[in-house]
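**Student:** Please find one structure pasted underneath; my questions will follow.
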Amino acid sequence: MAAGKDASLRIATFNVNGIRSRLPHLLQWLEKEAPDIACLQELKAADAGFPIEAIRDAGYGALWMGQPSWNGVAILARGGDPIESRRGLPGMRDDTQSRYLEAAAHGVIVGCLYLPNGNPRPGPKFDYKLQWFDRFIEHAQTLFDSKHPVVLAGDYNVVPTDALDIYDPTHWRKDALLQPETRERYEALLAQGWTDALRTLHPEEKIFTFWDYFRNHWPRNAGLRIDHLLLSDDLAPRLKAAGVDRWVRDLKGASDHAPTWVEIGAKKAAKKVAKRKA
DNA sequence: ATGTCGTGCCCCGCACGA
């Protein structure tokens, strides 16, 4: 249910890369970090394969949108069930890929997304990435204009800058994650007014959320920042902390992503009008 | 082209996507 009136809110996103094989890590992380809301991506499981019992036993309610083998997203809420507000993006009726789920929980609306990777480029996969991104940008505008407290959390498959969001762009020049078309769209999103939480709190720090399995990238800390949490106008002033749970990436048999989170301060109580004595 | 994972199919190795 709702966090205590004065409690802050921790919201996280975690690309698990297979919910069934990663369940022990997920549970370990939930127990240790206890996020109030967790967005998961790359479930790689059909709806029936989602481990709802274990997640309930850990104290979380959940919504999920599965798909056999690929994609799949879920929203977890500590102590209660998230209230679904959207399943899939508007304008993408024929989309067969499970990449967007939205719900209300703990007083915020959370959009959980798994933006297409887009490789190889050029090609139909890159075209699909841009098309999906455009639909997402449209929907994000609607959410932003609603003035509701909204967090858009997920694996964006965008490395926003060469300078701070990747260990070394040299070998990634042709990758879909660094293309101008990809980055322009991320910028367009920010131009709507959204706050990139991690970058805002740590403006000059190299931050990574993903280290691929190839070439010994994790031990070398050769990472990329592609998991992002964007905050609406209403939530941005309440941003207190943000970070990456790197210890999860260091576990044996880890996902290639680490959980990434924000902490939102308590909503200020509406100013009480002094009661006039009769 | 390569690296290493998780998944599913079809049978115990492969193709695929990332």
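Using N, Cα and C of the backbone, Cβ positions are placed for all residues, glycine too.
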**Student:** Which of these, A:Glu42, A:Glu53, A:Glu187, does TrEMBL list as part of the Mg(2+) site with A:Asn15, A:Asp155, A:Asn157, A:Asp256, A:His257?
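**Tutor:** That Mg(2+) site, as TrEMBL gives it, pairs A:Asn15, A:Asp155, A:Asn157, A:Asp256, A:His257 with A:Glu42.
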**Student:** Using Cα coordinates, what distance in whole Å links A:Asp256 (Mg(2+) binding site) and A:Asp227 (site 'Important for catalytic activity')?
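**Tutor:** Between the alpha carbons of A:Asp256 (Mg(2+) binding site) and A:Asp227 (site 'Important for catalytic activity') there are 12 Å.
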**Student:** For the Mg(2+) site (A:Asn15, A:Glu42, A:Asp155, A:Asn157, A:Asp256, A:His257), what does the 8 A shell look like? I mean other same-chain residues with CB within 8 A of the CB centroid.
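**Tutor:** The surrounding set, listed in chain order, is A:Asn17, A:Gln41, A:Tyr114, A:Phe210, A:Ile226, A:Asp227, A:Ser255.
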**Student:** Based on Cα distances to A:His257 (active site, proton acceptor), point out the closest of the recorded positions A:Asn15, A:Glu42, A:Tyr114, A:Asn157, A:Asp227.
**Tutor:** A:Asn15
**Student:** If I restrict to non-local contacts, at least six residues apart, and a C-beta distance under 8 angstroms, what lies near A:Asp155 (Mg(2+) binding site) in its own chain?
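**Tutor:** Result: A:Thr13, A:Asn15, A:Gln41, A:Glu42, A:Leu113, A:Tyr114, A:Leu115, A:Phe210, A:Ile226, A:Asp227, A:His257.
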**Student:** Give the three-state DSSP assignment (helix, strand or coil) for A:Asn157 (Mg(2+) binding site).
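**Tutor:** Looking at the DSSP assignment, A:Asn157 (Mg(2+) binding site) belongs to neither helix nor strand, so coil.
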